[in-house]
Ligand code: FES
């Protein structure tokens with residue numbers, strides 16, 4: 001250690017540590033610009049100069065190493081004058097107008113000018129005349145605002161080891177760019193965005209941060225996959241483990257937030273992929289398939305026995321409904337030490353994962369395998385148990401959770417909706433799952449365009465329907481079903497009719513078909529009523545002997561249950577607490593917000609567990625660390641043609657082999673592709689490891705105390 005004196009203040013610091021860093025850490029501000037604590041020094045800006053007792057002239061404090069007995073002065077008239085000169089040089093090629101800069105109010109150069117009391121404000125600026133580069137994904141480069149501090153170049157070369165950004169020269173003007181001014185993708189950029197993170201001006205900016213008009217927290221914009229996942233699964237962290245072939249660790253990361261990774265790896269609606277920044281470069285990461293692979297390979301070695309299990313609290317909770325929301329809530333409530341019982345009306349646990357989603361998408365043994373792990377925590381399970389009065393349960397339980405899902409299908413009020421041969425989505429899918437007679441004929445018409453409609457269509461096909469037609473109000477590009485679902489259904493021979501209004505179901509006693517009209521436009525008014533504009537003379541008829549309404553579903557509950565109900569027969573809950581109109585009775589999942597996705601139900605189940613635990617006197621902290629906490633290596637290195645690497649595709653059984661049976665049809669990505677696919681990740685979270693700048697404003701109060 002060395003004793004260093006800065007402005008009369010004695011500091012004990014490690015010998016050879018940079019004097020600028022020693023000062024900043026001690027709360028003594030020295031102006032600086034090219035220095036960044038995570039980057040090697042280049043001492044180019046000379047803003048950080050100081051005087052050292054016994055040394056002639058001035059020296060940059062960023063490269064000055066601490067020595068025992070060294071005495072440093074950071075303020076003097078000479079230093080102020082020389083810093084003004086240095087600032088003028090920096091500003092010589094920088095535009096005068098800050099107000100149009102995307103970093104306005106957030107620019108290190110701007111705060112430096114403020115610290116210097118407006119020095120350099122009267123000087124004549126030289127216009128560089130560079131064209132702003134907006135053609136690259138994720139980043140905008142405006143070299144007119146560059147002060148050549150070189151932070152971006154060092155971040156790209158020394159911090160990341162990528163080497164895309166270099167100093168270039170054109171018409172006697174030095175600038176930062178790529179060799180031969182190639183596009184970033186052609187210069188093997190890895191789009192980690194470290195350059196924009198360390199840039200102290202508005203020269204290199206993150207397009208998504210610039211577009212963040214609703215001021216989302218930075219972490220959400222920088223790592224959008226994690227923010228988009230309703231359960232906030234740490235996607236970049238588990239993908240990094242997959243890349244290293246550490247599948248057990250990856251599965252443990254996923255399990256920190258979701259109790260059934262295998263199921264979600266097969267049927268999650270992967271909202272994370274729609275936000276994945278790799279999609280701006282070429283194709284989004286195959287996140288769901290990566291999750292599936294890790295979950296399938298998992299031996300449990302990392303997470304088993306490691307999760308939280310608090311001692312018994314003496315409190316009893318009844319969860320009504322064994323779907324994803326109920327299972328999740330039960331799991332975390334048990335871990336909080338409560339005695340939990342799940343009461344399920346159907347013969348097995350799983351809810352819509354077993355009685356809605358068809359088996360060819362999610363094999364039942366996967367659900368039951370994952371429920372066994374949940375049950376092993378000590379949860380009691382009662383199947384074939386319908387609860388009529390949740391209020392009555394309060395005698396035996398300290399809290400009750402209504403996680404009953406939306407098991408009642410709804411029909412539309414159109415002519416013919418009561419004819420024989422008219423079925424409802426949920427009932428049809430439930431009967432098919434239970435291998436019961438569904439009552440479909442040979443020509444089936446599905447009304448609706450969401451994922452449930454496609455489940456009905458593809459199930460009907462597999463049950464032997466010769467013709468399956470699917471019609472919906474929405475135009476093709478507005479259909480709510482996932483694109484892969486639509487394309488796979490078409491491959492299986494299902495005929496799709498988007499933008500159709502359902503005029504009437506024809507037939508005397510039983511269905512003979514449906515009359516449609518073409519829809520020109522369709523929207524909901526303020527009262528959520530559909531406003532449909534139809535094309536005159538566009539009437540058409542499709543023959544059929546079965547019609548399945550797949551136009552929505554509702555919770556199977558009436559007011560007799562004694563709970564206040566809201567729109568769509570959903571259970572009304574108090575804001576934030578998820579408590580219903582009845583004290584001690586909570587609700588979660590689809591039963592609260594209408595039919596959504598399994599991952600949303602997981603998120604809702606977690607929320608319910610937090611609220612119920614708090615209600616029962618716990619701290620509501622259900623978080624768990626199951627995987628090792630390791631700092632990711634930011635030196636990602638060069639990778640030729642990185643931006644062009646293609647997304648790995650799943651192995652799907654051919655349409656003719658899958659359309660007449662309920663066997664698994666998607667085998668996910670293969671072992672040969674998995675690490676390569678994980679290697680395509682931009683590792684956006686690495687950027688959050690970069691130390692934020694220390695601005696003069698952060699020191700104001702502290703400096704006055706010190707000086
Ligand atoms: Fe030290 Fe620039 S020379 S911060």
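First residue shown is number 1, and so on along the chain.
Yeah, the Cβs are placed from backbone N, Cα and C, and that goes for glycine too.
The domain '2Fe-2S ferredoxin-type' feature in TrEMBL is assigned to 1-78.
Summarising the annotation, TrEMBL assigns domain '4Fe-4S His(Cys)3-ligated-type' to 78-117. Among residues of the same chain six or more beyond the domain '4Fe-4S His(Cys)3-ligated-type' (78-117), those with a C-beta under 8 A of the stretch's C-beta atoms are 29, 31, 33, 45-47, 49-51, 58, 123, 125-128, 140, 144-147, 200-202, 205, 210, 693, 695-697.
For 137-156 (among others), the entry in TrEMBL reads domain '4Fe-4S ferredoxin-type'. When pLDDT values are averaged over the domain '4Fe-4S ferredoxin-type' (137-156), the model yields 94.
If you look up TrEMBL, you'll see 181-204 (among others) marked as domain '4Fe-4S ferredoxin-type'. Under 8 Å from some Cβ of the domain '4Fe-4S ferredoxin-type' (181-204) lie the Cβ atoms of residues 33, 36, 38-39, 94, 101-104, 107-109, 135-147, 149, 151-152, 154-156, 159-160, 162-165, 168, 222, 277-278, 280-282, 634, 636, 638-644, 682-684, 686-687, 690, 693, all in the same chain and six or more residues away from its ends.
If you look at the domain '4Fe-4S ferredoxin-type' (137-156), the same-chain residues 6 or more away from its ends with a CB under 8 A from one of its CBs are 33-34, 36, 38-40, 42, 44-45, 90-91, 93-95, 101-102, 109, 127-130, 162-167, 174-177, 184-185, 191, 193-208, 210, 277, 280-281, 690. Taken through DSSP, the domain '4Fe-4S ferredoxin-type' (137-156) splits into 9 helix, 3 strand, 8 coil.
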